[in-house]
Structure formats: structure tokens, C-alpha cells
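Each remark here refers to the structure printed beneath this line.
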Amino acid sequence: MNLKLHIKTYGCQMNQYDSSKIVDLLKNTHKYQLTDIAEEADILLLNTCSIREKAQEKLFHQLGRWRRLKKINPNLIIGVGGCVASQEGSNIRERANYVDIIFGPQTLHRLPEMINHVRITRSPVIDISFPEIEKFDCMPKPQAKGPTAFVSIIEGCDKYCSYCVVPYTRGIEVSRPCEDILLEINNLADQNVREIHLLGQNVNAYRGTRYGGGTCTFAELLRLVAAINGIDRIRFTTSHPIEFTDDLIDVYRDTPELVSFVHLPVQSGSDRILALMKRGHTVLEYKSIIRKLYAVRPSIQISSDFIVGFPGETEEDFRQTMNLISEVNFDMSFSFIYSPRPGTPAANMVDIVSQDEKKQRLYILQECIRKQAMKFSQAMKGTVQCILVEGTSRKNIMHLSGRTENNRVVNFIGNNGMIGQFVNVEIIDVYSNSLRGELISNQEKKYTLSA
């Protein structure tokens, strides 16, 4: 009998990556087949995120729906993983005693043994420890699911920003050995992956050991990945300004495989707020990085993260943030109203900003960046862009879909044989979240820089 696994994932790309690894692992060890239908599953897993507000409520709301399935099928196994699991631990079972497995981001590789334990003993198991990079040693060979692939290079974060829960839920920074990463990417390249997206809470903190001794920096790793045959594009998420080195900027100058798009979170344009956030850099230092990036890659486009309504944020602080947004001309952002995360220093700060004011500031910020992004998109109309065709369009299966170097989704008419290939497409229309293109007949030129 084929056993079925249903997994629901909240949060960042790292969580998406972890979930894909869980699927591959359990397929390998228990022959589980993935299903989108919770009602037909033998095991239900919830991979959680604690970054945003009401993460716990979201978790227990979902568990409440699954509880009904457990009553129908007592042999159903329910597991909770990810950052909320790491943060809450046994508290989850105190509120939901029907949960069988609780595992953290660093112990997902132990799921096969946890499942066996529950099956044999019918008793719950909790493992939210931090065994460094052990989980990567236990994972099966990566299975490509298209022409793009995520690869985790570093886990955790040591920066301890005052608002952030990541160091407490994913642990301190631990870099994977350089050769392990290169082996994984070579395996993916052999499966016709053309674009690699390197992942970490702070990728530019990467300091991986080499088998022959010594340390590999993030800049060096990028150069090594670019040298792998078949890998034509490299992206990465997320970076921190305090470790965005000149050596890393030089990689943008020398390495065409590294795309002309970077996500560099700043959170605020006020030095006073940045100090309260314990970000470790000033606005001027951030702008210096951007200036250097533009100098070596004039076509580069920048996205960022912003928190509005941080405790103590005044109108002047917010005005400085808006000034930075206009000056840098960000292409997009992930922006949110501040919400206190349990256990973080900022959770104890006095919050003087009303909720209505926070909402108004968020609207102003997002509207400004939306207009800037639309200007970038409009400027691309009539240009020829090099698209990596990722698959069929989500809205129209008769159309193909792919991304430009500057991370724009483009939908166009083509044949399925183009999936996994780079094609040149003329941009003929612009929408709020995508572009429409037309395949051009001359496909000789492999890359066309984004506008």
C-alpha cells in the first residue's frame, strides 16, 4: 500500500527548501508519496514560520482542522516542525495533545526515526535540538524539480537584531562545507538545473570549511558555483549589510552568472531606529554599498525589507525611511508593520505608535515602492529580455512562464520543449505582478541585460 504525505508550509524560502528536503527524505526512507489532499494522507506535517505576527494562532487554527481527521483515523500521524515548533516545543502538545511529532529546523533529518517511534510506541516525540549541519549529511541526493533549484549554504544567524526571533529558533550561524555545496550543485546541474538560488538567513556570513583545510568565503563560493558547467544563473537570499564586503561587490563586476538583482534588507532609513534594532550599520554605510554596486553593475536592481511602526518610530524617523526609498529607488520590498516576537528585546520596548498610524505608514511606503517598481517594468516594454523558461503559466497552461535576470515573471506563447532553456523574449505588455512577452525569432544571443 502506498503511504501518503501531506505537508503544509508557511514562511520563507528556507522553509520551502526544508519542506522539499522532507519530501525527498520520506520518499526515500518510507516510500511516502506526496498528496495535496489532507484527507487522504497517512501523515500530516506542518512546517511553521515565527517571523510574522500571530504565528502561533495560525498554527493552532490549522491543527484544529487536522484534529477532526485524527478523530476519523486514529492512526494518522500529525507533526509540527519549523521555527514555531522550535520556539514553542512541548507547549504545542499542552494545547494540542493529539500532535505526535514536534521537530525543529535542524532536526528534520531525524523524521524517519521519529515516525518509526510513533508507529511502534504510539507515544509522542519532541526533538528541537540544534545539531549543527548534521541534517545535511543525512539527506538523499537532491532531486531536481525543474530548471531552477534552491540550495541551503548556511543555517541560523548570529546578528541578534532586537526584533528578530531567528537566532533563537534556528540557532547560531553554521556554514556547510564548501565541497558539500558544490557537490549538491553539480548533481543538480547534471539534472539540467540552469539556475541556482543560494539560501541562508545571512548568506554573506558564509565561512565554509574546505576539505583540504582553510575557509571559503561567500564571494569565493559564488565564483566556484559560477564555474560549474551548466549553471548559467545564480541568485541568493538573504544578505546583511554589515557583511556585504568589497570582495562580494567585485563578484558582481566579474561574474555574469550572478544576476543583476540583489535583495539587501535595511528595515529603516533612520539611524536612530537602526540602532534600536541593533542592525549594526548606519544609513550612510548602507547607501555606500548600493553606490558601489551601481558602480560595478549599473543595471542592478535592489529590493529590501522594511519594518514600519517599530517601537519609538517618530514621524521624522519614517520620513527618513521614505527619503532612503526615493534615493535608492528600490524595485520591490517585503514590508510589514512591526509586531513583537516573544523573547526578543524589542518586545519589551514601549510602543508609542498607534495601529492606525502604522497602517497609514505601511500604505504610504508600499505605494511608493509599487510606483517605483511599475516604472522599472514600464521601462522594460519594448526591450528584449533573456528568460529562463521555468514551466507553464499558472494562469494559462497554453502559455510558458519564466523570469528575467532582474526577477520579473514573464508569460509568453511558446512550446513546452523550451522549458529549461534560455530564450529571448520581447516585452510587449506590463502588469502589476508580471510582464507579457513575445518570443523573437533570433535566439542567437544568450543574454540580454535587463533595463
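Every residue gets a Cβ built from N, Cα and C, even glycine.
Annotation comment: Swiss-Prot describes 3-120 as domain 'MTTase N-terminal'.
According to Swiss-Prot, the feature [4Fe-4S] cluster 1 binding site maps to CYS12, CYS49, CYS83, an assignment based on sequence analysis. Mapped onto three states, the DSSP output places CYS83 ([4Fe-4S] cluster 1 binding site) in helix.
The domain 'Radical SAM core' feature in Swiss-Prot is assigned to 143-375.
A simple way to gauge crowding: the CB of CYS164 ([4Fe-4S] cluster 2 binding site) has 23 other CB atoms within 10 angstroms, across all the protein chains here. According to Swiss-Prot, the feature [4Fe-4S] cluster 2 binding site maps to CYS157, CYS161, CYS164.
If you look up Swiss-Prot, you'll see 378-441 marked as domain 'TRAM'. Taking DSSP states H, G and I as helix and E and B as strand, the domain 'TRAM' (378-441) has 6 helix, 33 strand, 25 coil.
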Binding-site residues (CYS49, CYS83, CYS157, CYS161), the one with most neighbouring Cβ atoms at 10 Å: CYS83
Mean of pLDDT values spanning the domain 'Radical SAM core' (143-375): 96
Residues of the domain 'MTTase N-terminal' (3-120) by DSSP state, where helix covers H, G and I: 63 helix, 23 strand, 32 coil
Env. residues of [4Fe-4S] cluster 2 site, Cβ within 8 Å of mean position of CYS157, CYS161, CYS164 Cβ: LYS159, TYR160, TYR163, VAL165, VAL166, PRO167, GLN201
By Cα-Cα distance, the member of binding-site residues CYS157, CYS161, CYS164 nearest CYS49 ([4Fe-4S] cluster 1 binding site): CYS164
Sequence-distant neighbours of CYS12 ([4Fe-4S] cluster 1 binding site) in its chain (C-beta under 8 A, six or more apart): CYS49, ILE51
Residues within 8 Å of the CYS12, CYS49, CYS83 Cβ centre (excluding the [4Fe-4S] cluster 1 site residues themselves): TYR10, GLY11, MET14, ASN15, THR48, SER50, ILE51, GLY82, THR169
